[in-house]
Structure formats: structure tokens, C-alpha cells
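J.: Taken from TrEMBL, the feature domain 'G-protein coupled receptors family 1 profile' applies to 43-294. Residues annotated as transmembrane segment in TrEMBL: 27-52, 73-94, 100-122, 143-165, 199-223, 244-267, 273-293.
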Amino acid sequence: MWGFNGTPFQPATLQLTGIPGMQTGQAWVSLIFCILYLISIVGNLSILALVAREPALHQPMYYFLSMLSLNDLGVSFSTLPTVLATFCFNYRHIGFDACLVQMFFIHTFSFMESGILLAMSFDRFVAICDPLHYSTVLTNGRILAMGLGILAKSFITLLPFPFLVKRLPFCKGNTLHHSYCLHPDLMKVACGDIHVNNIYGLFVVIFTYGIDSTFILLSYALILKAVLAIASREQRFKALNTCMSHICAVLAFYVPTIAVSMIHRFWKSAPPVVHVMMSNVYLFVPPMLNPIIYSVKTKEIRRGILKIFQKSHN
């Protein structure tokens, strides 16, 4: 794609894509996305309202859960405008600068999710390995500082991306492979030297996902060691059960993330639909699953939901 002066340029708008090869059945896809958004937004807002209303949930574990719910709402609202425009209204254009803003927020919230899951694993580590000091270690001030630290780390780490993309010319067309903007997708239509983008992208992935996942595994190794030292089988099961919701949330986030990375790295000849579906799983499944996981697996959350239902019936 060339400008009037014969040099590559940046397009005013980019073209978004739905699901490759799916000309029919678009209405069903729209309905599925609407249901996913509805579950995600209602579920996460319900968790936030429940933690705010119930004094019994004013504990570190639920403050971290509120952070996760806020972040999941951020992920959902980052993709919602273009996904609904693409699938519900067949409007597939996005301004170049708007695309960069969306890319920044999608990646920032995704990387923040990893940091929040690490903070939650630290919460479980302190609760099981050092229960007597739990309330003195995880004070409200420290929890707030951890939350702000996660936000600052993700924001500062991701901030260069829009500027690194902005400096590139785009001469391989203006059609993206998703219904939202992602950095790897923009790199496919950019020309010029993209080595800096790719190297910095790899650094960011290692610096966030790599370090976070390593410390999550380390915290669970120490938790398992502490649990196995408990004499009573019943107490061992009870201690492990308090971690089940978090383990499910970690798997819901990291399994699609690893799968997307593996496909991008080692299965470059995969049909476009595989890349698109895996990216959709990576962005849509964790925000939808997290409120369900915590509602089903956490007794205090279930109790709070039942209490609200009982009040509404009285």
C-alpha cells in the first residue's frame, strides 16, 4: 500500500475480520459473543457488588478477587465495541489510532491478569504457610500497593507498543485477522524493520508471563510442601480446597495463553480459523469463567449469593 509520494504509509482505517471461512452462521456467532459478554459482565459486576456489600468478604482473598473481576471487565470492554460492530452490525472498520489504543488496552489488561493471579497465589501461600501472620502481612495498605504495582508495571511495560507500531509503514494491506487489534496481528501487515517490535514483544512476554508463572509454580510448590506436613488428612484436604478456585483461574488463563503462543511459534501453517478461535478463547474464556469458578468453588461467595436471593424473596 503506497502513498501519493510513492512511499509506504499508514492507512487511515484498518479492516477487521470476523471468523475466516464463516460466511453463513454469522447470526449464531453474534449470539454466542453476546452471551459470553453478558455472562462475563454480569458475573464480574456481581462479584464486585457482593464483596462491597458483605462484611464477611472484607478479607484479602476477596479484595484480590475484586481486582481480578475489575480487570476481567477491562478485558471485556476493550474488545466489546469492535467485536459487536463486526458480528452484529457487519461494520468492520477501525481508525488506525483507535486500533493502537485498543491494542494497548487489550494487552495491558491481559498482562495485568497474570500479575493479579500471582498476587492471589501469594495470598494463598501466606494463608496456608503462615496463617498466624496472615492479617498482619496482607494489610489493606499492602494489598492496595500490590494492586497499584501490578497496574504500573503493566502500563509502563506496554506503553512503548503503540509508538513502536506507529513508526512502521504499512504496505501489506490493511486487513487484520481478528475482530479486534492485537500487536502480532498488526505486525503481519506492517513492513519495514519489525525486529525491534518482535524482540521487545518477546522481552515483555518473558518479563510478565514468564516471571509470574514461575513464581506461581514456586508458591504452589511451597504450599504443597506445607500441606503435606499437616498430619490430619481432613485438614490437608481443607487447606488444598481453599486453593482450588485460584488453581482453576490460573489454568483458565494460562492454558489458552500457552496454546496461542505455541500455535504462533510452531504451527505457522495452521488455518487462519485456528489462530482466530484460539485468540478468542484466550480473550473471552477467562473473564467469563472466573466469576463462575469462584461462585461454584468458594463457600463464602455462594453464601453471599444465597443471602441476597433470600433478602430479595422476603
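Glycine too: its Cβ is placed from the backbone N, Cα and C atoms.
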J.: Give me the stretch from 27-52, 73-94, 143-165, 244-267, 273-293 with the greatest number of Cβ pairs under 8 Å to the transmembrane segment (100-122).
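T.: Maximum Cβ contact count belongs to 143-165.
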J.: Limited to the domain 'G-protein coupled receptors family 1 profile' (43-294), I'd like the whole-number average of pLDDT.
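T.: 90, rounded to a whole number.
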